[in-house]
Amino acid sequence: MGGIVARKSVTLDNHPRDTINTIISLSSPHSIPPLTFDNRIEAVYDDVNKLWREHYSSQSNTSTLLKDMILVSISGGSSDTTISSDSSSLTSLAPSNSSLTIFTTGIPGVWTPIDHLAIMWCNQLTRVIANALLDITDPRIPNQVKKDRLNILKKHLILGHGISSLDDDDDLFKSQDSDPAYHLHPPYQSLRLTKPDLDVDTHIIPLPSSFSEEEYEFNLLSSLVRLKVLVCNGTFEIDALRSCHSIHSQFIPRSQFNPPFVSQPGPNDQLVEPAPVNNFIQIHKSQLSRSNFLAIQVYQSSGDDDDQFLISEFKKATTPILTSSSFLKFSLFGQSIRLHHAQIKLVNQIQVRGLKSSLIAYQLKFSRGGKCRTNENSLFAPLMKRASESIGDIKYFPNIKEAVLYTHLSNAYTPTRRKSTDDDQIEDGVGLTFWIDPLLCSTPKHEEEEEEEEEESGIKIEIKLDINHTLKRIILRYRTGLISFPVGLLSIILGSQFSTTTNNDRKLTTKTRRVGGILSKLVTEDLVKILAIIGIAQTIQSIVLQRMGSGSTSSEGFQLVYPPRFISDLLLGLDQFEFILLDWCFIFLSIGWIHFLCICLHLLLRAIAHLWIRVSPSSSSSSSMEKLDRIPFSYRSRSSTTPLIDYQTLVFLLILAIFITSYAPYHFGFLILTTIQLVTTFQYILLDIRSRINERKRMVEYNLTVLLIMIWISPISITTCLVWLRNLQEGWYAPFPDGRNVFKVIGFMGLVYLNRIDYRSRKSKISLLGNSRILEWMFKVIGLFSILYGIRYTFKVFEFLNLGFMFLCLMMCYFIK
């Protein structure tokens with residue numbers, strides 16, 4: 001959350017203007033809060049994100065607050081199980097010329113996911129960030145413009161040129177530029193050079209336009225980190241290298257079949273050598289068509305390894321292999337792709353168009369068959385890169401055999417950004433790039449062996465759904481749904497308990513003799529309606545979001561589309577209709593969890609009650625209870641002279657209210673109230689065991705439902721109480737300023753108190769309410785809100801239940817009077 005604190009500080013009135021021009025955040029959820037348990041966090045996010053979005057999307061904005069600001073978000077990727085890395089994206093907050101989103105899996109020299117805590121002290125990452133900070137805070141250039149700072153950050157975080165001992169040194173090539181020792185190659189010749197061939201300083205490859213009508217792309221991969229590729233005009237014999245400019249290279253991890261063991265650095269190690277890398281350079285066809293020749297300059301030192309290599313190729317410009325674009329079809333059936341040995345190039349691209357959601361993960365298997373099984377002629381092992389170009393999500397897989405495919409692309413609960421003309425050229429989904437030695441499959445075979453292996457030769461890539469990783473990603477992203485969906489169903493169950501009349505009371509009590517009777521009624525009568533409402537809501541949401549997000553803008557524009565909040569914040573917040581299946585899975589999973597917890601809790605309390613009766617029998621209370629049971633329940637409810645005030649509970653609740661008002665957060669009071677309701681439910685079960693009365697069975701069901709609701713929303717209070725207790729442990733005794741509000745739990749407090757009166761007076765105020773359609777529909781509406789909007793606004797579910805219980809208390813007090 002440090003990134004949110006930094007962005008919020010910029011907006012404060014006492015913040016000195018123009019003192020901060022670059023913010024680098026580590027694993028900060030910028031777009032949406034990780035948990036929606038508190039309305040204060042929601043307000044902070046709304047204020048900060050509104051400022052950023054309005055500043056960049058408004059053409060007439062004259063504010064200078066963010067004029068020179070660069071925001072960089074570095075995310076740990078899949079290892080971060082504290083927050084969802086999807087929320088670290090800045091695509092909906094700022095344009096690409098003012099922001100940079102990068103994942104640690106794509107930072108050269110790091111190339112690994114990092115968890116939420118380790119990202120603060122990961123040595124590989126801190127070295128890269130330290131070098132970047134030193135460059136952008138150069139005292140010789142005190143006022144660097146925003147474009148220069150962004151280029152410096154990209155140089156360190158994307159290209160990797162800031163890694164110590166790997167950076168290019170222009171002085172090494174100065175002597176070669178004046179009088180180079182060169183080798184002239186035929187036009188458009190692909191190179192395959194090893195250490196003996198790399199003694200020549202410069203390799204010249206002519207690019208005559210009349211040589212071929214085809215358009216080519218140039219790819220180069222080398223283990224030499226100190227090399228240059230120059231694109232030149234004119235002729236080498238006349239102009240030499242005077243009319244040339246260098247092409248930026250990119251460091252990628254080295255891929256070896258049998259990588260050497262690298263020991264972990266010890267505490268006394270003075271220097272940790274960077275990971276071995278390869279140098280990759282790609283020149284697109286548009287740039288090649290304007291050039292006359294290429295110059296490849298190499299530099300070798302005496303300490304270079306003997307297995308140095310350089311491979312380059314001119315490949316015809318072709319589109320990548322495309323997989324199925326149907327998300328549902330691709331998820332259910334997967335896809336298999338085969339590359340025959342004649343199709344294998346140095347760089348092979350596959351576009352997985354079906355991978356459009358950050359919730360789904362796929363398992364990729366890379367297998368080699370036939371001629372490709374041996375490693376004799378290959379200079380490096382196959383390397384795969386998974387990339388989502390629109391958000392800068394990159395991960396490498398050296399010596400690829402198996403991999404988990406996923407993306408962090410998600411626009412849930414955020415404004416939709418219109419695609420620019422540049423973005424239209426980027427294919428949907430995730431791009432896979434395979435670096436494969438072209439001679440990997442060139443091992444000579446006998447003719448008979450070739451015929452037998454013809455069908456299995458080449459490389460096979462299989463992609464299928466990974467259920468295990470998919471479940472982990474869904475739970476991490478929508479973990480609040482494990483609260484909102486069950487609470488919504490329990491609220492509907494509670495509302496159903498107020499829909500009975502006196503004449504139908506016998507029928508209801510017969511159903512509720514067993515545990516979960518109301519839940520069974522919900523499944524048989526209301527489940528289809530709930531699923532239909534969810535389906536309609538998901539359909540409307542997907543249609544609206546897709547239509548509003550269509551269209552494009554100019555390449556320099558930053559236009560956001562703001563769908564209505566009541567549409568965009570529904571359910572999962574996604575524009576894909578196929579996720580209606582996931583919504584329904586949440587419902588069925590919630591029903592199972594409720595039934596399981598209800599049975600376990602009821603059996604546990606009954607077991608404790610039976611043990612209590614055996615260990616501590618009370619003959620007097622039992623005899624008085626038997627006499628009381630002989631009296632009709634309706635008569636007892638009207639004529640009992642038992643006091644209607646429980647002074648013991650009332651005094652305790654008053655002390656608790658004073659403690660909340662003066663010091664403790666109201667979440668602490670809620671946990672105490674949950675404990676009291678647990679005791680009350682246990683005492684009702686004790687009464688039910690001693691006396692078999694249908695009305696008491698109904699009260700057991702009612703109190704058990706209230707208890708389950710309070711238990712299920714208790715994580716909202718537990719998280720706050722843990723922070724409060726941690727503050728006390730550290731010696732910070734300052735109370736929460738806006739947490740001392742007893743009215744936040746006044747409804748729960750009143751209901752718990754009235755339930756205690758019901759138990760002590762042996763009178764049921766709930767039965768006096770009769771057929772209360774108001775209460776029935778009130779709790780059903782709260783339940784539907786919890787299902788439809790509870791994932792995004794979990795704190796509002798808590799507030800609405802508090803108001804609903806407050807109204808229930810007023811109704812009960814009215815009938816008591």
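Sequential numbering from 1, following the chain as shown.
Cβ atoms here come from the backbone N, Cα and C positions, even for glycine.
Caution: TrEMBL annotation is automatic and unverified by curators.
Look at TrEMBL and you will find 1-135 tagged as domain 'GPI inositol-deacylase PGAP1-like alpha/beta'.
Per TrEMBL, domain 'GPI inositol-deacylase transmembrane' is recorded for 482-811.
Long-range Cβ contacts of the transmembrane segment (579-605) within its own chain (Cβ-Cβ under 8 Å, at least 6 residues beyond either end) map to 357, 359, 474, 478, 481-482, 485-486, 488-490, 515-516, 519, 522-523, 527, 530-531, 534-535, 538-539, 571-572, 681-682, 685, 704, 707-708, 711, 787. Residues or ranges marked as transmembrane segment in TrEMBL: 579-605 (among others).
Taken from TrEMBL, the feature transmembrane segment covers 644-664 (among others).
Taken from TrEMBL, the feature transmembrane segment applies to 670-687 (among others).
Under the heading transmembrane segment, TrEMBL lists 699-725 (among others). Packing against the transmembrane segment (699-725) from elsewhere in the chain are residues 35, 37-38, 483, 486-487, 490-491, 493-494, 497, 512, 515, 517-518, 594, 597-598, 601-602, 664-665, 667-668, 670-671, 673-674, 677-678, 680-681, 684-685, 688, 736, 739, 748, 751, 755, 758, 764, 766, 794-795, 797-798, 801: each is 6 or more residues past its ends and has a CB under 8 Å from a CB in it.
Among the features that TrEMBL reports, transmembrane segment is placed at 737-754 (among others).
Beyond the transmembrane segment (774-791), the same-chain residues lying 6 or more positions past its ends with a Cβ under 8 Å from any Cβ of the stretch are 36, 478, 480-481, 483-485, 487-492, 494-496, 498-499, 530, 533-534, 537, 569-573, 587, 797, 800-801, 804, 807-808, 811. According to TrEMBL, the feature transmembrane segment maps to 774-791 (among others).
Per TrEMBL, transmembrane segment is recorded for 797-816 (among others).
Sequence-distant neighbours of the transmembrane segment (797-816) (same chain, 6+ residues past either end, Cβ-Cβ under 8 Å): 483-484, 487-488, 491, 644, 709, 713, 716, 744-748, 750-751, 754, 765-766, 768-769, 772, 774-775, 778-779, 782, 785-786, 790. Mean pLDDT, taken over the domain 'GPI inositol-deacylase PGAP1-like alpha/beta' (1-135), works out to 85 on the 0 to 100 scale. Residues of the domain 'GPI inositol-deacylase PGAP1-like alpha/beta' (1-135) grouped by DSSP class, helix first, strand second and coil last, total 55 helix, 16 strand, 64 coil.
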